[in-house]
Amino acid sequence: MLKMNNLCKSFRTELVETHALRNFTFSVEEGDFVSVTGPSGSGKTTFLNIAGLLENHTSGSYLLDGIDVQTLSDKQRSNLRNEKIGFIFQSFNLIPDLDLFDNVDVPLRYRGLSRSERHQRIKESLERVGLANRMKHLPSQLSGGQQQRVAIARALAGKPRFLLADEPTGNLDSQMAKSVMSLLQEINQQGTTIVMVTHDPELAMQTSRNVFVRDGQISEAETILPLAAASNQ
Amino acid sequence: MFIYYMKLAIKSIRRNIWLSSLMVLAVALGIGACMTTITVNYMMSANPIPHKSDQLFYVQLDNWGPHFPFNDENEPPDQVTWRDANNLMQHDRFKQVAMGTSGGVIESDNREIKPFMAGIRLTYTTFFNLFEPPFLYGGPWQPTADKNSEQVVVLSKKTNQQVFGGENSVGRTLTIAGNRFRVVGVLDDYEPIPRFYDVTTGAFQSPEDVFMPLTLKLPLELGSSGNNSCWKDPDGDGFEGFLMSECINYQFWVQLDNAAEQEQYMSFLNAYVEEQKALGRFPRPLNNRISSVMEWMEIQEVVADDAQIMMWLAALFLLVCLLNTVGLLLSKYATRTADIALRRAIGAPKQAIFSQYITESALIGIIGGVLGLVLALAGIEAVKSMYGDFVSEHVAIDLTMVTVAIALAVISSVLAGCYPAYKACSVPPATQLRNQ
C-alpha cells in the first residue's frame, strides 16, 4: 500500500545541508497499524509529511497504492490526499469559527460530493466518535479529547484508505489519550490502515508494528516490540 | 463551491470585522471618488441626439485673416459670418440651418406679469426639423416666415408658463425687444445635454427662452450676443455694416444622410469659398470642414479639462486605496495560514484556496461598491456646488452608473486580492502544520 525505497529528504540553506531522511526504506501493508517512534529531530515528522504528500522527497521512490507520487501535479496530489489519506494532528487543527458539522465537512467539500451524501457521512463519522449530538457546537466548547475525536471524525468522513496520525495524544491527559487510542484501534480493526508518529513507547506497544527512526534512518535494533507480537513469542 | 466560498467569506469578514471594515472603507473611498468624477464626465460626454448624431454636421469655413490662422492648430473659425450664413442658406437643396443668439425683454399683455429678460435663438425653421425639439403646442413657423421675415416665435415651455400661465398660446401675441410677435409653437421640455447645437456660449447652458427667424435680425436690428470675433474692422458703418463684416458670430449646421451627400456638400462648400475668393474674400488656403455632432463636441472639448483631470486623480486615488487593500489583505491572510495549511493538507488544491480568497475579495468589493455609491452621491452633491445649476439639475447616478460602480469595485477588489490570494495558496502546508 505504501512503499518507500531508499528515500532521501534534505533541506538546504545557503550554508548548511540537513539530511532529514537517508535511504529510508519502509513499507506498510493494508490493515497495518504502524507506530513510528524516535527522538526529536530524528525525521519522524518529515517521514509523515512525505507519506501524506505534504512534502516532496529529494530522491528515492515512494509508491502510494502503486502510484509514483513524485511525478504528480499539485492538483493530483491534493486529490490523492483528499481521497486516500486522513490526517490526525497533535494540536487537532480544527477551524475555530466552524462548528463540528462544518469542520468535518471541510475535506468533503473538496471532493465534490452531493449535499445529501456529505450530510450522511458527517453524521456517520460524528456518531462513530460519539459526538453526533454536538454537531452545532464550536470546537472551543469541547474538551481536548473531544476535539481530537472531531479531528478523527473529519479524517474518517472521507473514508480514507489510511490514516496518518502525528502525536495524536500528545496534547491530551492520560485518560483522554487512552480513549483516543482505543478509538484508533477500533478504526484499525474495522480495516483502516494507520501510521502513527509518537514519542510514547506505551502507545507504540499497542500498535501492530513499530518502526524506530534515528538520524533519518530506520534503526532495527531499537524497534519496540508491540504487545501483540510479544504475547505471540 | 461558490456558495461555500461565499459562506466562508462572510465568516472571515465577521471574524476580523475591523480589518474588513478598513478594507471596505478603502474600496468605498476609491469607488466613491471615481464614481463621482466618472458620473460628471459621463453626463458631460453623453450623445445629445443619438439617433442622428452621425447625420448632423457642424460647418466651418476658414475666412480668417491672411497672416495668421484662427488658432494654433490651424483650425477653421468655430463660427461663420452673417454674410456666409445667409449666402449658404440660399441653397435650399441641403437641409441647413444658420443660427445666432440675441436677447430682449419680454412684455406680456397681462400687466400683472413683470417684463423679464429672455435669451433669444435666431434661426431658421429648419432648426426644428434638424434637431427635433418636442412641441407641446403648435409647431415650427413656415419657411415663408423665414423668407418674409415674419414676426413669429416659438416659446420654450418655461417662457410660455411665465407669460401665458402654461396655456396653449398658439396664435396669441407678446412683445419682445419692443416688437410684437405671434406665437406659432410652444416647446415641451427640451434640455439636450450638452446643448450641442451651440457650444460657443457654453455647452451646458439651457436652450433659449424664445426662438424666432434669423431673417428678423436686420430689419429689427436685434443685437448680437455670444462670442463675436473679428480679424479685421468692419468695412461699412452702422448695424448693417457690422453685419456684413468678416466678424464671426453664427453657427451653421447641415443634415447629410450618407457619405455621398457629405462629399457633395464639401464640394459645394469648396465651390462657394472659391467663388468668394474671386470676390476678394477668404484670403487663407481652402480649409473648410464638417464635423459630426460627437466630433464637434470633441473638437470643442465639451468635457471640461478640469473634470477629466479630476477623473484621473480619482483613478489614482482608487489605485492608492487598492494598494492599501492589498496590504490589509496580506496581513489578514497572514493570520489564516493555519486554516490554509489545514485545508491544503486535507485535500484542497491551490486553485481552491485561491478561489476562496478571491471570493472574499470580491465580497469586500461588493460591500465597498455599495458604500462607494453612497459616497459618490455625497461627492456629486459637492460637485454640484462647483459646476452650478445645470449640473445640479442633470448630473445624477443612474442604473448604468450603479452597475459600473459595483463592477468597478468588484474588478478592483479582485485584482487587489490576486496577489494576497496567490500568497495564501502558496503556503507550504507541512511547514505551517509543523509550527502549530
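Glycine too: its Cβ is placed from the backbone N, Cα and C atoms.
Taken from TrEMBL, the feature domain 'MacB-like periplasmic core' covers B:20-265. On the 0 to 100 pLDDT scale, the domain 'MacB-like periplasmic core' (B:20-265) averages 92 in this prediction.
Residues or ranges marked as transmembrane segment by TrEMBL: B:21-44 (among others). If you look at the transmembrane segment (B:21-44), the same-chain residues 6 or more away from its ends with a CB under 8 A from one of its CBs are 193-194, 203-204, 302-304, 307-308, 310-311, 313-315, 317-322, 324-325, 328-329, 332, 364-365, 367-369, 371-376, 378-380, 382-383, 387, 391, 394-397, 400-401, 404-405, 408-409, 412-413.
Summarising the annotation, TrEMBL assigns transmembrane segment to B:309-331 (among others).
Annotation source TrEMBL lists domain 'ABC3 transporter permease C-terminal' at B:313-429.
Panel annotation: around the transmembrane segment (B:352-380), residues 1-2, 5-6, 8-10, 12-13, 20, 23-37, 39-40, 325, 329, 333, 340, 343-344, 395-397, 401-402, 405-406, 408-414, 416-418, 420-422, 424-425, 427 of the same chain, lying at least six beyond its termini, place a Cβ under 8 Å from a Cβ of the stretch. The feature transmembrane segment is assigned by TrEMBL to B:352-380 (among others).
The annotation transmembrane segment is assigned in TrEMBL to B:400-422 (among others). Sequence-distant contacts of the transmembrane segment (B:400-422) (same chain, at least 6 residues past either end, Cβ-Cβ under 8 Å): 27, 30-31, 34-35, 38-39, 42, 318, 322-323, 325-326, 329-330, 332-333, 353-354, 357-358, 360-362, 364-366, 368-370, 372-373, 376.
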